[in-house]
Structure formats: structure tokens, C-alpha cells
Amino acid sequence: MKLKAYRDFFTDKLAPLYDREEANQFFVIALQHLKGWSRTDIALNPDAELTKNEFEQWNAVLADLEQQKPIQYIFGKAYFYGLEFTVTENTLIPRPETEELVEWIIEENADKGKIKLLDIGTGSGCIAIALAHNLKNAEVHAIDVSAGAIKVAKQNAIDNGVNVTFIEMDILPTPSLSEEYDVIVSNPPYVRNLEKQEIKKNVLDYEPHTALFVDDNNPLLFYDKIAALAKESLKPDGKLYFEINQYLGSETVTMLEEQDYKNIILKKDLSGNDRMIKAEL
Ligand code: GLN
């Protein structure tokens, strides 16, 4: 079969599940990964034939996409803040709204002197690594409870040429952090089980639930604990940044006020949802 004809077969097969533009994007991504070709290479080689082996590889990708497996997990790569990250079943796929949080932190901390920064619940390491890459003044540490995530994050730091100190640790039973920081950031699990019906199959079936879900009765569990740890570990002018559940903006602000945080700013993401918070002591 000609590759050009396969492209039509591929996008037709995906038509019930994805719109045409998205199906085309998947084709282009697969073309890059499977053949090292860009879209123009097809135009330049209109008669290119698929070998039997390639045909099988393409069909395996197609079958995964028909199961709504995210393309980032199929090829193990995702892009965040202009950098490439390996992702596995142990790490979430970095989200665009998290890029907005990173941007906010960079804007506010780029012109400081040397700073020390901690990312709690780092996953693939995307926040910590994007910050280390863009804040040359920052010494960056990152914590995660998952050994699998830490392994991926360490490799991502190496691949992106930055230095981040990774620590495998469960913060919930931890009485205090061992160092002081100028900036503490976290995008902890925040989706309530009651929100599960809003979550698409591609997320629910493939992304790590420990990184996503919290108990309906205690959705701020991680925020509460991190705020308490940060209270003891932030330097005098230190700042705490969170990505938050869009439905829990005012609850999160109240919790921070109750823990005596000041100058609390709640910010919306580009979709207009309450998505991030900054607080100071
Ligand atoms: N924003 C993610 C989602 O919608 C959730 C990330 C998180 O729980 N920290 O799936």
C-alpha cells in the first residue's frame, strides 16, 4: 500500500472518534516517529510504499488511537514549555494550563538574585525542568512519591541539560522539609471523584490516578499539607504557587487565609477557569 493511501485509511478509521484535523495531526506525529518524515516528505515522495513491517507498526498505532490511548503515551513523548519530555504510565501528560503557571513563576522570579525553588509532586518533572531551564538564577529541587515518576523526571532533566535535585518522598506524613526555599510550587492531585464523569476516557483509562484524584470529602488534602510545610520552609520573602481545581478557587484561598498567608492572588487560565494561586507569608 502506498503511504499516501494509508494516510486516508488512517484518518477515515479515526473519524468516528476524532475530528479530521486532530486525526491528521496524529498522522503527522506518527509519520515523524515511525519514519522520521515530515508532511512535505510525503508530497516529495508520492509513490512511497509501506513495507510489511511499517504497515504493522502503523496499524498498532492506529489500534491504540482507536482505544483512545493518548498519542503522547503511544510514542512516550510530550512537549511542555518548548521542551521535550518522556512520559510513561507513571507520569501525567503535561497540560497547557500548567505552562501558564510556569510562565507566571518565571515572570515574577527571573530578575531575583540566586533563589532556591522546590516543586512538590513533580511527575515527569515538567514544572521543575522548565523552571530550571528558564531561571538560570534558581537552584531547583523536586519531590515525588512515585519512584517510577522520579526515574522518568531524572532522565528528562538530563535530556534537557538542566540540573535538578530529585527526592523520592511522600509529603503527607512528613513533619517538615529539610531546607528553606524562596519559591515552592505544586500541581498536586486535585480532581474529585465526583468530577470523574467530566473526565474523558483518554485520561481516565491511561493517566495515573494517584496523580489526578482526591477524596470528595477532603479535596484540599495536598494543598493543606503543602501550605503547612511551606509555612515553616519558605524564606521571609518566599512565595507559594499552586495549580488548583477550577471549582475550588475560593475554598483554596480560604484555606490559605486560615493558615495566615497574605497577598493571595487567584488567577484564571486562558480558558477563563480559576487555575492558579500565589500566596506569601
Ligand atoms: N488538570 C488535570 C486534568 O484535568 C489534573 C491535574 C491534577 O490533578 N493536578 O486532568
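Just so you know, the numbers here start at 1 and follow the chain as drawn.
Every residue gets a Cβ built from N, Cα and C, even glycine.
For the S-adenosyl-L-methionine site, TrEMBL records G121, T122, G123, S124, G125, D144, and the single candidate of N109, N134, N163, N187 listed with them is N187. Less than 6 Å separates the Cβ from ligand 1 in the case of N187, P189, Y190, drawn from the binding-site residues G121, N187, P189, Y190 in sequence order. Shown are the binding-site residues G121, G123; the one with the most C-beta atoms within 10 angstroms of its own C-beta is G123. Summarised as a single figure, the pLDDT of the domain 'Methyltransferase small' (113-199) averages 97.
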